Amino acid sequence: MTSYFELPMPPVFDIMTALLLSFLIGVGITFVKTNALLTASLEFKDIVSRAIQAIIIPLLPFHIAGLFMNMTQAGEVAFILHVFIKVFAVILLMHFVVILCQYAFAGAVNKRNPLALLRTMVPAYFTALGTQSSAATIPVTMQQVKKLGTDEEVANFVVPLCATIHITGSAVTITSVASAILYIYGVPLTLSTMVPFILMLGIAMIAAPSVPGGGVMAAIGLFQSMLGFDEAMVSLAIALYIAQDSFGTAANVTGDGAIAQIIHGVKKKRVRQEPSAN
């Protein structure tokens, strides 16, 4: 398939320059505390988020459909789908393992049954499956976190913060997707390639917009600059990510409950120690 027309738009910066510049500006705004630049940055972020949500995400299925038509014509689609099914299963398993580890630690800190804590967060998990947005699920997450017995002050602080910066499920998914695509195209996986990618991904995920597919959009620059993805590889990554985005978001949201409980337990211990110290 070929496009009817093209509008070439050279990038203002190369990808790594844009990532480093945005990181430095963010750190600079935090330290300098300039209201003008902060307001401009927040408004620009809203513009980008709306463009992704209103234009890019709705048109992605057509782009991905065209990509799969090309692969079908080339006789590659059966092999790729076979690999994708396995990757999808591995991603779901890894989500489950990560969530269990988070709640095991939260249970150890608070001396409570991790499975009982996890059971309380099930409504938030299924809500996130439907909304595909951590931000949209905040009311349900907040309700369930408070049902865990979390201190209200901790819950009010942790839940909105984690909805933005706690993207464990998405990070696991993107790393798995990237590894699978490198395998499909015969590119060797090495620690020297993947470790820097994972470290940069952790930073990029903090800046990911809270919209469906926002995580993979934030990672596209890393795919291209650090892993050498071409357009077809990026499209495959987007397709696989979007297919399980709801499960990644649900893992993110469920993990928020564990983090809230960990901070609650730490705060409780400090409160107990303060009278004895005095």
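Even glycines carry a Cβ here, placed using N, Cα and C.
Features of the protein shown, as given by TrEMBL:
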type	residues	note
TRANSMEM	12-31	transmembrane segment
TRANSMEM	51-71	transmembrane segment
TRANSMEM	83-105	transmembrane segment
TRANSMEM	125-142	transmembrane segment
TRANSMEM	154-185	transmembrane segment
TRANSMEM	197-223	transmembrane segment
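At the 8 Å Cβ threshold, with sequence separation of at least 6, the transmembrane segment (125-142) comes into contact with the transmembrane segment (154-185) through 3 or more pairs. Remote same-chain residues near the transmembrane segment (83-105) are listed as 114-115, 117-118, 168-169, 172-173, 176-177, 180, 183-184, 240, 243-244, 247-248, 250-251, 254-255, 257-259, 262 (criterion: CB distance under 8 Å, separation of at least six residues from the stretch ends).
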